[in-house]
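**Q** The domain 'Major facilitator superfamily (MFS) profile' annotation in TrEMBL covers 62-511. Annotation comment: TrEMBL describes 108-129, 141-159, 171-191, 203-223, 235-254, 363-384, 391-412, 418-445, 457-477, 489-507 as transmembrane segment.
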Amino acid sequence: MSLASLDRAKDFVKGSLKALNIGASMEHRMECEQPILESSSSNTSVNKEQFQGWTSLLVLTGVATTAGSCLPVGYNIGVMNTPAHIIREFCNASVSARYGIELGPSQLNILWSIIVSIFLVGGVTGSLSGGWVADRFGRKGAVVINNILGVLAAIFFVCSRHADSVEMLLLARLIVGLSSGLVTSTIPMYLTEIAPLSIRGAMGVLCPLGLTFGVLVAQILGLKEVLGQDYLWHYLLGLYAIPILLSALALPFLPESPKYLYIVRGQEEKGIKELSRLRGVAPEELEEELEVLRAAHKAEQELVASGITWNMKNIVCAPTLRLPLLLVCALQAGQQFSGINAVFYYSVTIFESAGLSKQGSQYASIGAGSVNLLVTMLAIPLVNRCGRRKLALSSCWSAAICLVILCISITYMDAYSWMPYFCIFAVLSYVFCYCFGLGPIPYFIGSELFQVGPRPVAMSFGSMANWGGNFIVGMTFPSLQSVIGQYSFLIFAATTIFLAVFLKFYLPETKGRDPSDLAELLKYGFRSKINAIPMSSSLSRHHRNSSVCSPDAL
């Protein structure tokens, strides 16, 4: 076909799409098919598309869920570090007063380990139930449930000191862990399901952005000059309830996922109404998106009629879903095995070796947390512009290199006067490399690799892998560090390199692609060829025949 014919055909389809008021998103996708002919106009379309995808309701939903659900998770991850010695003293005094038992150093360490790790146990348990909660109560219902659990835990945190009860402290950590597990398995799915394709990645990054911001807030509020004192620590632990309560004011206005309503629940009118609210246009102007929903609903009905249900056993046993499931779990667990928590744990020692005081080291750690937040914010536009695969691979390789450099620089820290400062540079470089790929992408990649039916269960599996990896690293790193010291970072570097190699061969680019197309690529398991179908092929197919809509293109 000649270039002139291609231009005429493309102009015709563009005009049709504009008549439906959905031209901005699809127009960019068509321009991506001919970068040589229209490279300059394609860049303009990208910028235009990023702004046109957002509506006031979508922004409100993103802000409310990020502040009310994701921020508290990050807050509880980081809040126990700074006031640890104060809370340990409270635990010792509480056990002594209530049971007449004086805890020795080893017994107190065991109790403290239980208090810290029970949060992770709750996270794994909450993740396990996330898929069921999302399907039984809806995506918005899951937000309400985890918010209720979060507020309940905050009440127990505040009351634990007044009641002089270490048991109440343990219960609060378990409940907030359950809430956190629900958040990481349901919120990324909720955000990506309500987002248009053009900004799906940006919405997915909001969850890890909230986590990162929560960790930073906990670091700041935990300073001795703020709330890190022996008579304020219980308020510090429960303060995260404030953003939950504030975001609850927006809950009545938040939409339910149209895909959940239409496909899972079969409530067509409600699904169309919510989709219209989210896009800010009348239902008549959403015909193409509704056509996909109808086809997906029909396919789901056929599955239900045949007796097929999406549970953990069926997903694990389905040959076509094993590789996507392994990709999700590998990314989620690999995020933890990349050593991010270990680096932050070791960073205080590095900063003190550079000549900083203990207080100065805490401020330096807050600086590293600020870098974490800023780079995660940078990932919002990057994930749409560069794609998930490229960012994930770049992040893995660069983070592994930084871990090796960090190990070498710590080894020779005492040999050269300037080496401690180079260690600080290595820490900050690692945080930077981690945050633009390994940090945000694992949380929402499952919602892009899986279709609506198996998606909640797959997200639960991924979230469990993340919390499980966090638990394993938390339990093993102190022992590793005491035995092999800084060389433990080489283990993290090796696991990150292994993850990069695995992703190189088996992770397809998900940017701008329907899960049905990705399912076609990955259905042969380890024999799959992820580059067998060009990225533009699925787009061209939709353009050539608008009546052919994938039932699982969600």
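Backbone N, Cα and C atoms are what each Cβ position is placed from, and that goes for glycine too.
Just tell me what is around each of these and how deep it sits.
**A** Sequence-distant contacts of the transmembrane segment (108-129) (same chain, six or more residues past either end, CB-CB distance under 8 Å): 76, 80, 84, 87-88, 91-92, 95, 146, 166, 169-170, 173-185, 460, 463-464, 466-468, 470-471, 474-475.
Below 8 angstroms of C-beta separation, residues 65, 68-69, 72, 126, 130, 133-134, 165, 168-169, 171-173, 175-176, 178-180, 182-183, 186-187, 190, 234-235, 237-241, 244-245, 247-248, 251, 254 of the same chain, each at least six residues beyond the ends of the transmembrane segment (141-159), sit close to that stretch.
Within the chain carrying the transmembrane segment (203-223), a Cβ under 8 angstroms from the stretch's Cβ atoms is held by residues 58, 62, 65-67, 69-79, 81-83, 183-184, 187-188, 191-192, 194-195, 236, 239-240, 362, 365-366, 369-370, 372-373, 376-377, 379-380, 383, 435, 439-440, 443-444, 447-448, all 6 or more beyond its ends.
Outside the transmembrane segment (235-254), and at least 6 residues removed from its termini, the chain residues within Cβ reach (under 8 Å) are 57, 60-61, 63-65, 67-69, 71-72, 75-76, 79-80, 83, 140, 143-144, 147, 150-151, 153-155, 157-158, 172, 214, 221-222, 227-228.
Residues 46, 50, 78, 198-199, 201-202, 204-206, 208-209, 212-213, 215-216, 219-220, 344, 347-348, 351, 356, 391, 424, 427-428, 431-432, 434-437, 439-441, 511 of the same chain lie 6+ residues outside the transmembrane segment (363-384) yet bring a C-beta within less than 8 angstroms of a C-beta in it.
Beyond its flanks by at least six residues, the transmembrane segment (489-507) meets 323, 326-327, 330-331, 334, 337-339, 342-343, 388-389, 392-393, 396-397, 399-401, 403-404, 406-407, 410, 438, 480, 522, 526, 528, 530 of its own chain at Cβ-Cβ distances under 8 Å.
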